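Okay, so here's the structure we're looking at.
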Amino acid sequence: MNIHEYQSKQILREFGINVPNGLPAFSVHEAVTNAEKLDTPVVVVKAQIHAGGRGKAGGVKLAKSAEEVRAVAQELLGKVLVTHQTGPEGKVVERLLIEEASKIKKEYYLSFIIDRHTASVVMMGSEEGGVEIEKVAAETPEKIIKEYIDPVIGLAGFQAMRMAYAINIPEAAIRRAVSTMQKLYTAFVDKDCSQLEINPLVLTEDDKIVVLDAKLNFDDSALFRHSDIAMLRDESEEDPKERIAAAAGLNYVNLGGDVACMVNGAGLAMATVDMLKFYGGEPANFLDVGGDSAPEKIAKAFSIMLEGGQAKGIFVNIMGGINRCDNIAKGIIEAAHIISKDGSSLPVPVVVRLEGSMVEEGREILRNTPITNVFAAPTMEGGAEQIVKLVAAAKN
Ligand code: ADP
Ligand code: MG
């Protein structure tokens with residue numbers, strides 16, 4: 001789960017980490033009054049969306065007076081901000097962070113993430129922090145320094161020190177940088193983060209170390225023990241289809257294309273997405289229905305895939321193990337009834353490949369159905385090829 005920058009900073013503040021004074025604002029009026037409360041000559045008005053790259057996209061602006069705060073807040077609130085992380089559709093700005101401006105001497109990059117190879121948290125740092133970090137990672141990866149953290153020992157002082165020197169933090173701020181790194185690591189572990197990224201971590205003109213931007217991601221499986229964090233969920237930032245699917249117990253990820261697929265098991269779902277791509281299709285989603293093939297669940301999955309007209313065809317690829325193929329077939333017919341009322345056809349062609357438990361019964365049900373645009377495919381390859389062709393034909 002993601003949260004907003006101002007919420008991340010509030011959490012880090014509780015760990016004694018140095019973040020600028022700031023207040024969130026949901027309206028122009030609130031932006032102006034909060035800027036006055038901060039009582040500082042220069043504030044920064046920052047668009048709060050669940051994506052980075054705001055600086056370059058005009059979502060982070062300095063304001064030197066109440067009038068300037070008003071003007072910037074008016075411009076940003078309600079605006080669709082398109083950054084290199086939002087995708088072309090962008091995100092609507094509904095909240096702002098009004099923050100004291102820091103006097104920056106230098107910007108660094110610092111992040112913590114779980115490294116699967118070493119099964120530990122890795123701290124990454126770079127002296128080339130700020131808005132160009134993706135370029136640094138792509139062109140000069142040697143400028144990104146890593147420290148692997150032993151989960152039993154935690155982030156040792158010498159490791160933080162080694163990082164601070166490696167990214168050229170000046171002598172006067174080394175101790176502060178070390179302490180900031182250790183507090184950040186504590187926050188990462190205590191809050192069950194899956195990612196914690198500070199970009200930039202800054203050295204100010206008076207040699208303080210300040211967290212100027214913060215991105216925290218949490219492990220969904222651990223949210224049950226952090227009700228305070230779960231409360232921060234901002235549903236307006238999430239894909240509505242993904243939200244409805246999660247509530248129905250379906251693993252659904254929107255991939256943006258037009259060939260929907262419904263599969264059981266994450267491995268098979270990924271292989272199916274690959275197969276559709278292989279035949280030139282653009283997968284609309286990743287959807288793992290899991291081991292439960294109750295017809296209502298299948299019908300729910302169908303309605304999610306069809307919602308909004310994104311899908312031009314559906315490929316059902318089921319390996320019946322725990323799932324029973326006859327239940328899947330019944331679910332498809334039930335979905336047709338729910339969606340089309342008379343149950344005679346579905347809004348888009350559906351290719352079904354069934355294999356495994358009760359497969360003959362399942363195929364029999366599909367053969368006998370009066371639904372006109374459901375096709376049974378004997379193999380996964382053949383099915384993928386067929387649905388891609390049907391979708392291409394529907395588009396022409
Ligand atoms: P994003 O990563 O989405 O572009 P940031 O919060 O990193 O947004 O802001 C972009 C840049 O704006 C920073 O690299 C920094 O130079 C500047 N900036 C952000 N917050 C402040 C602040 N409080 N004071 C001064 N400059 C800031
Ligand atoms: Mg940033």
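Positions of Cβ are set from backbone N, Cα and C atoms, glycine also.
Annotation source TrEMBL lists ATP binding site at Lys46, Gly53, Arg54, Gly55, Glu99, Ser102, Glu107. Under the heading Mg(2+) binding site, TrEMBL lists Asn199, Asp213. For Asn264, the entry in TrEMBL reads substrate binding site. Among the features that TrEMBL reports, domain 'ATP-grasp' is placed at 9-261.
Shown on the structure are the features that TrEMBL records.
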| residue | record | CB count, 10 Å |
| --- | --- | --- |
| Lys46 | ATP binding site | 26 |
| Gly53 | ATP binding site | 16 |
| Arg54 | ATP binding site | 24 |
| Gly55 | ATP binding site | 16 |
| Glu99 | ATP binding site | 25 |
| Ser102 | ATP binding site | 20 |
| Glu107 | ATP binding site | 20 |
| Asn199 | Mg(2+) binding site | 21 |
| Asp213 | Mg(2+) binding site | 23 |
| Asn264 | substrate binding site | 23 |
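Comparing CA positions across the binding-site residues Asn199, Asp213, Asn264, the one lying closest to Lys46 (ATP binding site) turns out to be Asp213. In this entry, ATP is bound by Lys46, Gly53, Arg54, Gly55, Glu99, Ser102, Glu107, whose most widely separated C-alpha atoms sit 19 angstrom apart. Proximity of the binding-site residues (Gly53, Asp213, Asn264) to ligand 2: a Cβ under 6 Å from the molecule is found for Asp213.
Cα spacing between Glu99 (ATP binding site) and Asn199 (Mg(2+) binding site): 16 Å, rounded to the nearest whole number. Checking each of the binding-site residues (Arg54, Gly55, Ser102, Glu107) against Asn199 (Mg(2+) binding site), the C-alpha distance stays within 10 Å for Glu107.
Gly53 (ATP binding site) and Asn264 (substrate binding site) have their C-alpha atoms 36 Å apart, to the nearest angstrom. Asp213 (Mg(2+) binding site) is 11 Å away from Glu107 (ATP binding site) when you measure Cα to Cα. In this structure, the C-alpha atom of Ser102 (ATP binding site) lies 12 angstrom from that of Asp213 (Mg(2+) binding site). A distance of 38 Å separates the Cα atom of Arg54 (ATP binding site) from that of Asn264 (substrate binding site).
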